[in-house]
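Here is what Swiss-Prot says about this protein:
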{"type": "ACT_SITE", "residues": "Glu21", "note": "active site, proton donor/acceptor"}
{"type": "BINDING", "residues": "Glu21, Tyr22, Phe23, Pro24, Pro25, Lys26, Thr52, Trp53", "note": "NAD(+) binding site"}
{"type": "BINDING", "residues": "Thr52, Trp53, His81, Arg111, Gly112, Asp113, Tyr153, His157, Pro158, Asp159, Ala160, Asp175, Lys182", "note": "FAD binding site"}
{"type": "BINDING", "residues": "Asp113, Gln193, Tyr285", "note": "substrate binding site"}
Amino acid sequence: MKVIEKIQEAAADGRTVFSFEYFPPKTEEGLDNLFERMDRMVAHGPNFCDITWGAGGSTADLTLEIANRMQNMVCVETMMHLTCTNMPVEKIDDALTTIKSNGIQNVLALRGDPPHGQDKFVQVAGGFACALDLVQHIRAKYGDYFGITVAGYPEAHPDAIQSTEGATPEAYSNDLAYLKQKVDAGADLIITQLFYDTDIFLKFVNDCRQIGITCPIVPGIMPINNYKGFLRMTGFCKTKIPAEITAALEPIKDNEEAVKAYGIHLGTEMCKKILATGIKTLHLYTLNMEKSALGILMNLGLIEESKISRSLPWRPPTNVFRVKEDVRPIFWANRPKSYISRTLGWDQYPHGRWGDSRNPSYGALTDYQFTRPRGRGKKLQEEWAVPVKSVEDINERFMNFCQGKLTSSPWSELDGLQPETKIIDDQLVKINQKGFLTINSQPAVNGERSDSTSVGWGGPGGYVYQKAYLEFFCSKEKLDQLIEKSKAFPSLTYIAVNKDGESFSNIPTNAVNAVTWGVFPGKEIVQPTVVDSASFMVWKDEAFEIWSKGWACLFPEGDSSREILDKVQKSYFLVSLVDNDYINGDLFAAFKEI
């Protein structure tokens, strides 16, 4: 979806929205850290996020890779910067074609900084001289597909500022006229360069309106994180620093925490003044850090740390090809990125109902599904590379996770227990102690308010429902006992399968069971998660593979722990268990005498 359309929707609803900017890190570790941070920040619901192109066009390939992952794995509406620096038109078209094929619809068109080693911008052979040329090219070749954003400079472009007094009236006027040319050529949104004098920004907005620029103008807010970085950035951008800011920073400039605290306070006050004028969109330059940006938003009341709203139980996709998707099998609830990667390229995505899962084919398992960020890999190494001498040791690892003693699991891309799991964590601990090793679960919910902090989704005003669900590994002996006990509980349905495909079930092979649904004003029933027998047989390969590629691999070759884990992998069954009585049922009753 185009960012301009999202901004217009928010304006029509009277909502204030915000967005974040990131830049490509220089190291693989930095990239892993960025995506972990981005996942946390995106949970707060930014309107979009953008990724920079890099000084002198130095990060072109990395920017394309990051933009793709942001749009399709992080599931946030993504705007990619695109500059003219070192970019002949063929390269520009390659970049645009790539992001279009990846479902990205938003571009920030810039001239770009001078190439490395040069003081002034140099037009590359076969390339463009300015952002206006780039905007014209995008509109001419790609029509209305892309939403195009351009940069606005409240104090004029740095190249137009020749003295410490700022741009001359003529230079400022010329810069505004050029901005209007970019908008007239097809840009539909303006994001400003950083500023610290709010009055300068508000004057800039008014001046734009006076010359006929009518599109939204979004203020770019850069929190002050450290004193030296602040001086470097404002010097590079030739940004005016009000005397009161200089006076406030001088006595604390060597105290980094005090500078950050002041930066949050200053950013908050700037945003309050801007919002008071009726502007409803804020863009935060994060510098790949989260605390200051989130601190400002919390101070403004735009986010709450303890209350993160969800439009669905899983983060909805933003890729233009799958934006209507609203139904998924529950099996990948803790591995959403793996699910996305295995369903890329489907011609259609389920909307309204799951339908026939045998129609689209899931992608084959690859190393991608088992790679993990360095930080998560390190945490798994610390928490799960504990010697395994018996099956009881395995049970203890799973119990510790359910008790919150561990914050990672080989079967989850998420951090720790999810809020709804904590409702049933005592029962989960008990069945894990008995050898039913849980990897996915949800409690029964009967008409809980949709804004509940533990089980809510879909926004305020609705009610949500869930059938109790468990997914676990267990031995054949335990499975036989459970199947026998379940005969006394007619509301229980199950599917069980081992690594080799031997299976047991009390439901048809093509059965689809909605296990989560919501009722909202003026809408049809929404049922975002299902138990689908056919998809479970696809998921089981991935679930069993994690025993070796997610856990056993943490131990050295030849380690006895690997042997025990291998035996469990080859002999245990994966079980999906649903209690269809979400009003009076008790999913855990069948386990009590086992």
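Just so you know, glycine gets a Cβ as well, placed from its N, Cα and C.
As the structure is a computational prediction, the values presented were derived from the model and not from experiment.
Of the listed recorded positions Glu21, Asp113, the Cβ environment within 10 Å is emptiest of other Cβ atoms at Asp113. Cα spacing between Ala160 (FAD binding site) and Thr52 (NAD(+) binding site): 23 Å, rounded to the nearest whole number.
Other than the site residues Asp113, Gln193, Tyr285, same-chain residues with C-beta atoms no more than 8 angstroms from the centre of those residues' C-beta atoms, the substrate site, are Ala151, Leu194, Gly220, Cys237. Closest to Tyr153 (FAD binding site) in space, going by CA atoms and restricting to the binding-site residues Tyr22, Phe23, Pro25, Lys26, Tyr285, is Tyr285. Taking a C-beta cut-off of under 8 Å and a sequence gap of six or more, Pro24 (NAD(+) binding site) has these contacts in its own chain: Leu31, Ile51, Thr52, Gly54, Thr59, Leu62, Thr63, Ile66.
On the backbone, the CA of Lys182 (FAD binding site) and the CA of Pro25 (NAD(+) binding site) stand 30 Å apart.
Annotation for Tyr22 (NAD(+) binding site): spatial neighbours Leu34, Met38, Cys49, Asp50, Ile51, Thr52, Ile66, Thr286, Asn288, criterion Cβ-Cβ under 8 Å with sequence separation of six or more. For Pro158 (FAD binding site), the nearest of the recorded positions by C-alpha distance turns out to be Asp113; the candidates were Glu21, Phe23, Lys26, Trp53, Asp113. Comparing C-alpha positions, Trp53 (NAD(+) binding site) sits nearest to Glu21 among the recorded positions Glu21, Gln193, Tyr285. Counted within 10 Å of its Cβ, the other Cβ atoms near Pro25 (NAD(+) binding site) come to 17, all protein chains included. Within 10 Å of its Cβ, the residue among the binding-site residues Gly112, Pro158 with the fewest other Cβ atoms is Pro158. For Glu21 (active site, proton donor/acceptor), the nearest of the binding-site residues by C-alpha distance turns out to be Tyr285; the candidates were His81, Gly112, Tyr285.
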